[in-house]
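Here is what TrEMBL records for this protein:
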- 65-100: region 'Disordered' (REGION)
- 78-100: compositional bias 'Basic and acidic residues' (COMPBIAS)
- 103-164: domain 'Ap4A phosphorylase 1/2 N-terminal' (DOMAIN)
- 197-307: domain 'ATP adenylyltransferase C-terminal' (DOMAIN)
Amino acid sequence: MGLDTTIKSLEGLADIDFYNAVHSTFLNAQKDGSLIYSADQKPEIIKEDGTNMNIELKTVKALGIRPHNRPAASSPESKTDDEKLKLQQDNDPFAHPEPELTDFAKQDSLLKPVELQIMHAILKNINNSDECKKNNTQFFAFFNSGPESGYSQFHKHIQFLKLPRGFSPYQSGLASTTEFFLPRELNVNKHPLIYQNAKFKHWILKIKDSFEDEEERETILAMLYMFLISRVLNVSKSQKITRDKVSYNFMMMDDWMMAVPRSHAKYEDVWQNALGYMGLFSARDEDVRQKMLDLGFSKILEGCGFPVEEKEKEISYDGLWY
């Protein structure tokens, strides 16, 4: 299941009606029976005490029937000559397009500059569409990397998800009041943004509002991403995590990117990937939903990541990793 559109360049991606192209693909697949979709119960929006984070909590029945194991090898479909966009079948309509990347690569390999460009170009395209503006919603991209990141597929893939209508993630609030800057470890005023109420280690960097050309976009996105990766590697090294076990979640919107180093894929048997760090929690059944409420969302996120330290914003990390 995929788009009947070949896009030969990033400039070409900017020119297509991406929202409606994906939406029509979903509707056609549902109509011809290749996609079976059933709506989930109405989600609950919660303002978490203590952190003031917006939380969406919902029960997704499809999570109870999807495979729990991770494929250990690539499928024939994974080996392609170009980046490919496909729709996942376990989420909301037009909520979860997923590009599979060139050839087979493991999910713990680093993102390439062109992959960051594609992510950003897709977000710019969709989020500036009339439909997103009319529906008061936005999309974000995320990448789960490493064995403790909560990924469910072994092959390298980036995913996109639609935020709930009117939902304001804490990252966007920080980015909206910050001017773009290139981060530096030796200058505390150039350290990444941190949401002060969060209990887990994370770093947020502002993205430029516009770029002179694709070369500048490629350069800046790569610089920001690698700065975040250097911090992930430093934290992992300090925790004596071997290089093959390094795990993190990476998230991006039009105007910011974020990384969260991961210690565990689960906390008290509650599995979590990047979505939790956006404030989006999905339970496969009522028992898991209640367990999330009992444990507390911040406790789950802290248990799957690393706790913040005193004066977290002032910590400088080594430029050398492993």
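Count begins at 1; order follows the chain as displayed.
Note that Cβ sites are derived from N, Cα and C of the backbone, with glycine treated the same way.
Whatever TrEMBL says is automated annotation, not expert-curated.
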Looking only at the domain 'Ap4A phosphorylase 1/2 N-terminal' (103-164), how are its residues distributed among DSSP helix, strand and coil?
21 helix, 14 strand, 27 coil
Which residue counts does DSSP give the domain 'ATP adenylyltransferase C-terminal' (197-307) for helix, strand and coil?
51 helix, 26 strand, 34 coil
